[in-house]
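Reviewing the structure listed below.
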Amino acid sequence: MLQDTNKRLQEYNTSLQQYNSNLQADVTKNGETITKLQKEKNTMVETMNGLKDHANSVKMQLDLAKSSQNEALKQKNELLKEVDNLRSELQQVREDRDHKLVEVHSLLAEIGTYKEMTGKSAVELDNVMTRSTALEEICSAQQERIKLLEVQLASTNEKLKRSDLTTIESMTEYEKQKRMSEDLQLRLEEAEQQIIDGEKLRKKLHNTILELKGNIRVFCRVRPLLSNESGAISYPKSGENLGHGIELTHNAQMYAFTFDKVFDQLASQEDVFIEISQLVQSALDGYKVCIFAYGQTGSGKTYTMMGKPEIHDQKGLIPRSLEQIFQTSQTLVSQGWKYNMQASMLEIYNETIRDLLANNRTSIQDGGVSKYSIKHDTNGNTHVSDLTIVDVSSFNEVSSLLKRAAQSRSVGRTQMNEESSRSHCVFTLRIFGVNEGTDQQVEGVLNLIDLAGSERLNKSGATGDRLKETQAINKSLSCLSDVIFSIAKKDEHVPFRNSKLTYLLQPCLGGDSKTLMFVNLSPEVSSTGESICSLRFAARVNSCEIGIPRRQTQIRSLSQG
């Protein structure tokens, strides 16, 4: 029977390995699909930009044609006015000529009459003849003037005909450009719709990949050894646990753990952020995201979360996440998205909420016991009364808020660290997005939590107020684990209200929310006891499945394939 049982266990282990290989293949395939869709999206964006440039060029040509048409019409009207003036002037000259001819004939008649009737003297006759000659010369000059005006009239008529032809050609070109512009506009609308459809598919595939990885994930990071420390941590050199396993030696016994990702002492801040950048993208897509930094005092939690923002290579998860969010939101403007963001930052010290962005320093130090209360609305949004909420539109604005909050955080000295974080620090960024073209709306939340240093009472050497702080910290961390386990077991009652931290984050735990627990470890031998406690806690969280269980998700995706 034992041999049969062993054989069945081996077969079951073989099927699990095959199942894990299939899962890795599906994840790789989905990643390639996303990469391909991203390339197609970029191609469509470039095509759309080209079409927009061409449309703008056609519009400029259309405006130029309109301007030419208006100029031609203006010239035509001026020529018509000039023709009317010339005609009026010609008519006036003709009337003057006729009038002069009448005068000449009248004078000739008078001369004949004078010759016949009065027999005036030759002098008077010469005067009359001189006057008649002058009038004839005036008449000839008027005839030349008439001929010149007729030539000008013919030239003006010719110009008018050419102007009419130019106007007709301009109208024809205008109609052609108008039809081309309408066609380009139609193609532009089709390209924009394809980009919108592609973005929807990207969000769906992105969320599917994160669900395959698990809505709650656990990462482990080991800080570098100091010059006066000796290490007790090692890592698998090969096999399926490479990059996922960690081995700790304590009291001559080795303990092995596996997590979603393990970062050794050589991992950079950028290496760590690359692994969590997909979770940050989920916040822009409209999901609630929580990233916790957990571990004993001196294990590097605050460095992982904040780092040194003024040094590029040492920026932590919080500044890098904010940079990614603002950069990505700017690139989405071309697709019609408009984002508004609000930031807040608080700490929970001895189960008391403190507003780290409050302008009044005294209110921060006093704790404001009765000032801040937590409420959840029907839409799953959390509100803390009187908490400072700041509208932000750039990373520089948030960076100044982080510096201000860092100066207000509660720290204290213990045997584990000269300056230990004695409170849970919660940075919250609320993201509101609207697409004016498709009327889509998203509302995401990014919570970045630097938990207080966790250590056993006998290890921390805490007394008096430090003892109360340590007891409050350990109690809230215990409540956090109870909540995660209750959600994973789908208990009817989840003890969110047992601590301020879990009640504050209630809407962001469970459901389709994304949760990442970052356990930080100190590699030195003297910390192995605390490290084992942290690893065991992380291992229990890693065994939980919140939202869509990873195993069920894998089976469903394989059956659909």
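Note: Cβ is positioned from N, Cα and C throughout, glycine not excepted.
Over in TrEMBL, the protein carries these features:
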type	residues	note
COILED	69-103	coiled coil
COILED	139-208	coiled coil
DOMAIN	215-544	domain 'Kinesin motor'
BINDING	G295, Q296, T297, G298, S299, G300, K301, T302	ATP binding site
Whole-number mean of pLDDT values that fall within the coiled coil (139-208): 77
Fewest other Cβ within 10 angstroms of its own Cβ, chosen from the binding-site residues Q296, T297, S299, T302: T302
Neighbour count (Cβ, 10 Å) for G300 (ATP binding site): 21
G298 (ATP binding site): tally of other CB atoms within 10 A of its CB: 21
